[in-house]
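J.: Shown below is the structure under consideration.
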Amino acid sequence: MMNVSKCSKCSKVPDDILMLTCSHDLCLLCAAKSFSMQQPKRSKKFFVCDICSSNTELDANSVYELEKLHLTTALQDRSNRKPGQQSKSNLSIDKQVKPRSQTRQDNKENAKEKSIKYTNQTMEARVSIHQSQRKMSKQQSENSFIQHPRGFCADHPEEEVSYYCFDCNSKCICPECIIHGIHKNHEVKTIKKSYPIARKLLEDQLELNNQCILQVENQRQDLEKKQIQQQAIQDHLKLQIAQEFQILHQLLNNKQSELLEKVDNLPTIMEQQEGYINRLNEVEIKVQNFNEKINDMIDSKDECGLLNYYGSIYGQTTPQLPPLPNIKEVQLSNQIFSQINDVKKLLGGMDIDCNQ
């Protein structure tokens, strides 16, 4: 069995001990008395050892525990001196001093409220605050340590835990587990020595986690910026494509109007045939008039007049039919459709690569 820490001043074995940097352990009662006597002259952050006069920096929780214990002891002493007011003083102690478990609960609730506030800050500010808090807490824990109730061993319920095994990394163990249990010949350290090691490992892991969170945040912000840029590029491409095709549609409409106007202005087959028909009608009218004159002379039975008329038209020929016009309908169609095919080839040759 291992020796249990005793108070360097009263030599008692207390439940809670204040461990100083000078290796002198004091029970909380002795520490509270000495601490109360030092306050008018010194800062609350430091505790002066009554044995070697060394300074130990205390954290806020240690200061609170010592002041609370001193106040409780003082009120109890006062009530013992006045028996008639004992019940009244006890009530005032209960009102002024909270139970230790309630203090821990209050500390936990305060920590939760602080963590909720920190989440509303930026990621860099949160990491900076966590780092400063860990640094301050680490410095305070190295200078002072109040031992809290540690509980009893799971394998040996009658023994209080006082060691930690770094080979198994299980829960805290008792001396029996080291001497006769499965942790024999393992890397085992006392809880006081194991605490800063495990705390440092957890702080390192917390640092790695915070760095991972920062990397995730930075990558997320970069991706969001790229998404915004990509969306802007896509919107610009859509607008440019719409504008270009609007111009292309206008050019196609202009070309269509131009070709239709050409077709309307060029002589058509119908127009050429109509002119030829008009000339045929003129020839027919002349021939009919000629025939009517001949029939009239024959029907008159005027011998002298018939001879005279015959003499006047002697040598005249029947009106000839006009020649057919040279209609180049094939060449005209080829000219029009040649331009249309050029437009089709231009559109068919468009190869748009979105990756360029």
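These residue numbers are counts, starting from 1, taken along the chain as shown.
Positions of Cβ are set from backbone N, Cα and C atoms, glycine also.
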J.: Which of these ranges is annotated coiled coil in TrEMBL: 189-216, 245-272, 273-300, 329-356?
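T.: Checking TrEMBL against the ranges 189-216, 245-272, 273-300, 329-356, the coiled coil one is 273-300.
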J.: At a C-beta cut-off of under 8 Å, are there same-chain residues at least 6 beyond the coiled coil (273-300) that contact it? List them, or none.
T.: 306, 309-310, 318-322, 324-325, 327
